[in-house]
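Listed in TrEMBL:
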TRANSMEM  38-55  transmembrane segment
TRANSMEM  76-100  transmembrane segment
TRANSMEM  120-140  transmembrane segment
TRANSMEM  147-172  transmembrane segment
TRANSMEM  178-198  transmembrane segment
TRANSMEM  210-231  transmembrane segment
TRANSMEM  251-269  transmembrane segment
TRANSMEM  281-300  transmembrane segment
TRANSMEM  312-333  transmembrane segment
Amino acid sequence: MSRRLALDRRWLGLLAAGLLLLIAIFDAHAAARGLLAGFLLLVAVPAGSMLLFLIHRLTGGRWGAALEPVLRPAAALLPAVALLMVPVLLLPHLVYPWAADPSTIRHADVAALYFNAPSFALRSVAALGVWGFFASLVAFRPARLTVPLAGVGLALFGLTVSFAAVDFVIALDPRFKSTAFAMSLSVSFLLAGAGFAAATGAPSQARADLAKLLAALALGLLYLDLMQFLVAYDGNLPDQAAWYLRRATPLGVATLGLASIGAVAAPFLAVMRSGWRGSAAIQRAVGFAVLAGTALRTLWWTVPELAPSPLFWLAVALTPLVVAGLAAWIAFAMNRGVGVERRVAHGA
C-alpha cells in the first residue's frame, strides 16, 4: 500500500507540474509568481522542523526526542520545496522588478554588484543548498548529525537566511528596507515547525514544553513585526509607509487580523493554564491555528507585490501537489541509494 501511495504521489506530482507548464504557456508571470508564493508558503514547516531538530541536537531535552518522529519527515520535504525556486532563478524577470528593469534600484553599484541575475542565482543556490543539505541529514542521516555539525548548520542558516530574506521577499519591492526581516522570517519558520508538530499530535511528555515554545515564538514574532512597523511609522519613511499602505485595504487588514489571531493570540492564550497546555485537543487546535496564521501572514506580505490573477492562484494551489511528487521521487532515489549501499556492504 505504501509503495502504491508513493507511486501515486509521483505521478500526481508530474500531472501538477504539467498543469503548471500549461499555465506558464498562457501567463508566464502568473506561473513564476505562483511558484514563488507557493515556495514561501511551503518552506516554513520543513525549514522550521529542521531548525528545531538542530537546536535540540545542541540543547537536548525530552521535547526534541519526543517530536523527532514528526520533525524528521517534515524536514525531508525541504529539498522538494526548494526545487520550486528553479524556474524563478532561471527567469527572475518574471517575478522581480529589479530583474525586469534595473533602474528600479536607486544605486547603480547595488544593481551592478548585488541585484543581478547571476549573483541572485548564486546566493539562492547557496542558501537552498545549505538548507537542503542539513534537512537531508536530519531526515535521512540523523546519526551523522553531530553536535558540532548541528552548530555549524545553525550558523550557516543564520548567514544564508540574511540574504535569502532580501532576495526572495524584500526584493519584490526594491524600495522597501528592513534589517529585522530575516530574523522575523526565521522565527516564523520555527513557529510553523512547532505548530506542525502540535497539529500532528504531540506526545504527552512533550505537550507542555511544546505549548511554552509556541507561546515564546509567537511573542517573539509579534515583537519583531511590531518593531519593524514602528521604525517605519516613527521614522516617517515614505517607502516603508507605502509598503504598509498597500496592505491597509479591508482584505489586507482582515488577513493580518486573522493571521495575528492564529499565529500569536492562540498559542499565547493556550499556555495560560496547565490544563490547556496538557490538553491534546487544545494543543492540536493551536497547531492548526498557528499553521493557518503563519500562512496568512506570508500571503499578507507577498501577494500585494505579485499582481495576483486567477492563474496565479491556480499555480499556488498546484505547488503542494508538485512538492508531494518531488518528495516521493527524492525518497525513491534515497531508498535506492540505501539499498545499493547495503548490497555493497554485504558483498552482493
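Our numbering is plain: 1 for the first residue shown, then up by one each step along the chain.
Even glycines carry a Cβ here, placed using N, Cα and C.
Curation plays no part in TrEMBL annotations; they are all automatic predictions.
By the count of Cβ pairs under 8 Å, the stretch nearest in packing to the transmembrane segment (281-300) among 76-100, 178-198, 312-333 is 178-198. The recorded stretches the transmembrane segment (120-140) and the transmembrane segment (312-333) do not share 3+ CB pairs below 8 A when only pairs 6 or more apart in sequence are counted, and are therefore not in contact. Note: the stretches the transmembrane segment (38-55) and the transmembrane segment (251-269) are not in contact (fewer than 3 CB pairs below 8 A, sequence gap of 6 or more). Among the stretches 76-100, 178-198, 312-333, the one making the largest number of Cβ pairs under 8 Å with the transmembrane segment (251-269) is 178-198.
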